[in-house]
Each structure stands twice: as structure tokens, then as C-alpha cells.
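What follows is a short report on a single structure.
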Amino acid sequence: MALKLNPLASQPYNFPSSARPPISTFRSPKFLCLASSSPALSSKEVESLKKPFTPPKEVHVQVLHSMPPQKIEIFKSMEDWAEQNLLTQLKDVEKSWQPQDFLPDPASDGFEDQVRELRERARELPDDYFVVLVGDMITEEALPTYQTMLNTLDGVRDETGASPTSWAIWTRAWTAEENRHGDLLNKYLYLSGRVDMRQIEKTIQYLIGSGMDPRTENNPYLGFIYTSFQERATFISHGNTARQAKEHGDLKLAQICGTIAADEKRHETAYTKIVEKLFEIDPDGTVMAFADMMRKKISMPAHLMYDGRDESLFDNFSSVAQRLGVYTAKDYADILEFLVGRWKIESLTGLSGEGNKAQEYLCGLTPRIRRLDERAQARAKKGPKVPFSWIHDREVQL
């Protein structure tokens, strides 16, 4: 699970909201609930009252365990199905690529020459490309959060840390495959000499410490819809960084990003198969879950990104990715359109009244998003230049 930017976050879209609890702001002075008669606090005093390691942005009050308990039996009944349809999507470790396959070999006599060649190729890449590539890598490196998120889901979590269930095996093995992505990009960026590794490492630590806010409610229906969307977003974003690396003449980096994109495509296939099976077993519950996630909008895993300086870091990163065409609002709409078609939403029958409403909402949402994006693009002005600590505070246009 990689970049998954939220191109909608910084644009004035007014999608329908779901009936959810209000937002709790953890880093804003609002959370203090001070009476109007209370004396104003200085910024240092407000900072001192914040809990350590709280996210840099507002986090929704969480809804917990929203799936009816009886539906846990659905996932227990899918154990054999998961073994035959999920675990077969995994690659044998001995046949899998490893980061070292794409990097200079430190044990070889030609190591220094190989590093020199890598750095020469990296010099041809512009700063804005590095901003997006670093953002990709940071998001990949927050993998502990994503495994944690999957293990919040009722009925499929790894209950022991080494559970033999098909669901638990999938989560651990998926994590193991994903772990190579951040490792590879991290080492490439380190060797490139183009970035401030300490600032990047701080950002990773902040992000893992902050967690993520996907609003999946311990509900595997919501969770697997979320991962289906995100894996496709990852496939698109890494595919675009591969294409642009090739355009800039770095064929080795293009191979790196393309290889990661291929992994994400395979993972997308697995997660979309789960939801497809849920539509077969429980079309009413699944279509309502899909509509619920889209009403809430898909929050991106790295949306709590922070480097210790810029609390708008994720929004700025998203703006650069949008401008470069790495991941855009159009991609968001394309993913939704793809999933609506993949899961045959229009042809669902026998739904309840609420299920029919969810179906109608989903079938009309992609055109609406496209119209809103077109209006936003028509109003869009050229963005300012802002410094990014990841590239030694060099400025990049948003």
C-alpha cells in the first residue's frame, strides 16, 4: 500500500456526508474546550497541553465494531475460500524479488562505480519528482500502521500474532511483500544524494506514531473496500512514477517503481476478490458498506504526515503529485468507476430500500466527482512555491 494521496482533500468538494460523530481536533486549541471567559493561552502553553505524539491533523471520533456480530460467521465460513483465492495471490519468498536485486552490490568491487552511476542518473530528476518519490517511500515505510489496521478488523484479525487462519496468514504475508517496497525506495533515495535523509526519517517516525484514520470501524466490509481502493491507487501512482522516471532517463528507477506497481496490482486483485465474494454472499450489506465508505470519502493512509515543521505537509505533497499527474482527482474518480464496474453495482438486484439507495448513490457518484473536479480545475490558480524539508528546503511549486 503506497502513496494513496487524497487529491480531494485540498479542493472545495461538497460530497454528501454520512451521519457520523463530530470531528475531535487533537492538535487544535479547540480540543481544550476553554470557556469564553478563560484567559487566552500563548502558543507555547497550548503546545504544552497537547498529548505527546498526537497526530498533526484532526482525527474523527471513532465508531467501533459496527458490523453486527452474527456477520462474523460469514468470514469464518470464508476460510477455505480465502485459502484458495487469497493465498494463491502470494509469491513464494524464494521466487520473489528483493531490494538488493535493483541496487548496487556492496560486496562487489564495482560498488563505488555503481553508486556513482546511480547518482549521475538521479541528477537528471527534478526536485518536484523527488518530493513525490519521497512521499511514496514514506507512505510505504508506515507499513506497521497498515498491518495494525488490518488486525483491527473483526472476524479476520490475527488473534495470536502467528494464527494459522487463512485471513491471518494473508495479512502477515501481504505485509512481508509490502515491506520490500519501502526498503527499496529508502535505499535508492539514500544512495541518490539528493534528499535530506534525517528529515525523511523524522517524517516516517512521526507518521507511524500518528497512525491513520480510515474510519473502517473494525468492520471488514469497510476495511476490504478501503484496501481495494488503496491498492489500485498505489498501482496507479507507482506506475506514473515509473513512467516519469523513464521520461527523465533513469531506466533503473523506472524498473524499481514499475516492479512495485506490479506487486500492488496483484494485491489489488486479492482485495477486490474479497469484496466480490461479499457481494455474492451479502449484496445488501456490501453495497451499503461501499456507499458508506464513499460518503465518508477515502482518507489516505499518509494524511497525518508531518516532518516536525509543516503541518500542511500532506496537502502540499498531494498538490505536487496532482500537478505532476502522479495521482490526481481524476484518478480518484477513475478508481471509483473501476470498482463500480468490477463489482457490477448497476446490476445488483433484490436489495432492500437502503440497499437500493446505496446503489443509486454509487452509480451516480463518479459523474458527480468528475463535474466537481472540472469546476475546481477551471477555478484553480497557479500554486505558490513552498520549501520541502525532504529536499533540504528547496522550493517546489504546488
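Just so you know, glycine gets a Cβ as well, placed from its N, Cα and C.
Summarising the annotation, Swiss-Prot assigns transit peptide to 1-34. Feature annotation from Swiss-Prot assigns Fe cation 1 binding site to Glu140, Glu178, His181, Glu264. According to Swiss-Prot, the Fe cation 2 binding site annotation covers Glu178, Glu231, Glu264, His267.
In sequence order, the binding-site residues near Glu231 (Fe cation 2 binding site) (Cα within 10 Å of its Cα) amount to none of Glu140, Glu178, His181. A gap of 14 Å separates the Cα atoms of Glu140 (Fe cation 1 binding site) and His267 (Fe cation 2 binding site). Here the CA atom of His181 (Fe cation 1 binding site) lies 13 Å from the CA atom of His267 (Fe cation 2 binding site).
Around His181 (Fe cation 1 binding site), a 10 Å sphere centred on its CB holds 27 further CB atoms from the protein chains shown.
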